[in-house]
Amino acid sequence: MRNLLIKRNEGEANYDIDFQCHIKKLFGSLMDKVNNTAVEEFILLAFSDLNQLQIPLFFVVLFVYIICMFGNFVIIILVIAEPSLHTPMYLFICELAVLEIMFVSCIVPNLLANLIADKKSISFSGCFIQLFANTALGTAECYLLAVMAFDRDLAINKPLHYSAIMTQELCVQLILLPWIVGIITVSISTVFTAKLEFCGTNEINHFICDYYPLQSLACSNTFITQVVTNFGAFVAAVVPFTVTVGLYTHVIIVILKINSAESKQKAYSTLSSHLTVAGLFYITAIVVYIVPKGTHYNKFLALIYTVITPLLNPFIYAFRNKDIKKTLIKSRRLKLCQGSFQY
């Protein structure tokens, strides 16, 4: 009888153990699924390590943002209001100003909120919307700089045939090209990144959502996604950079062959602002992406690339472009004349 009771107790114990294992496996698999989809927001650490210095940085970034918006809006208004600036070159400059306004507006407002808010989070969908927007606009700017280089090459290399080649239809196509390439290229990389499974930590040591920090948080295999992202980066940056450098090199060679000192000076004057903007954009971008990922200075370099460079562009065109300076002086004189007539 005693042996039977012992066997019975052992059987019940084994049954209890099997039942508990089964429950653990069931809930374990459910918990795994929950963990893989648990990330509903990301924490942008931004400049949290600066502590009290975040407040002065807030006012500096806010001031730069206001000046940047003002400068780019002035360029847009001048190009629209002045009939003499209704040429392909100034339409491209106007488009660049629009891109800069949209680009900084995708990043800076969220950065400003991050610098003064206790909660430094961004929603899952908001993070990927920001990722798509800023990378698409950045790609569009790369291709627009290539388009502007093509326009200058055509104007300086073939001045007599410029009007016949640069028709209204071609100009519209070149205006739309950067937007189309930017949207298509970035859409693919963003979709692949968004499909990754995110679990565990959700802290991003940056002030924006970017591909590398997001992919490093994924708990699924990122090999294919990284290949797609790298190919997208090649199409987005390397291709237009190569085209831009090649076209400006050709332009400089053509200018050096010009015999007339006056014509050569005029060509250099027109080209100088374009070279300055393109050089500033690509130099800062290259420095940001050459520096090893995850370094302490990475986000400070990105701040220059995403905030300071867009601030300088309208002033480079305003102070180095004779036509825009003349338009500014003309509009100022017109206001002074109107004011004197009112009195």
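Easy rule for this one: first residue shown is 1, then count along the chain.
Cβ atoms are placed via backbone N, Cα and C, with glycine included.
TrEMBL does not curate its annotations; it predicts them automatically.
Database features, via TrEMBL:
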DOMAIN    71-317  domain 'G-protein coupled receptors family 1 profile'
TRANSMEM  55-80  transmembrane segment
TRANSMEM  92-116  transmembrane segment
TRANSMEM  128-150  transmembrane segment
TRANSMEM  170-192  transmembrane segment
TRANSMEM  231-256  transmembrane segment
TRANSMEM  268-291  transmembrane segment
TRANSMEM  297-319  transmembrane segment
Selection from 55-80, 92-116, 231-256, the stretch that has most Cβ pairs under 8 A to the transmembrane segment (128-150): 92-116
Contacting positions for the transmembrane segment (170-192) when only residues 6+ beyond its ends and CB under 8 Å are counted: 88, 91-92, 95, 99, 128, 131-132, 135-144, 147, 150-151, 211, 224-225, 228-229, 232-233, 235-236
Residues from the same chain, set at least six apart from the ends of the transmembrane segment (268-291), whose C-beta lies under 8 A from its own: 96, 141-142, 145, 148-149, 152, 155-156, 237, 241, 244, 248, 251-252, 255, 297-298, 301-302, 304-305, 308-309, 312-313, 316-317, 320-322
Local confidence of the prediction over the domain 'G-protein coupled receptors family 1 profile' (71-317), expressed as mean pLDDT: 88
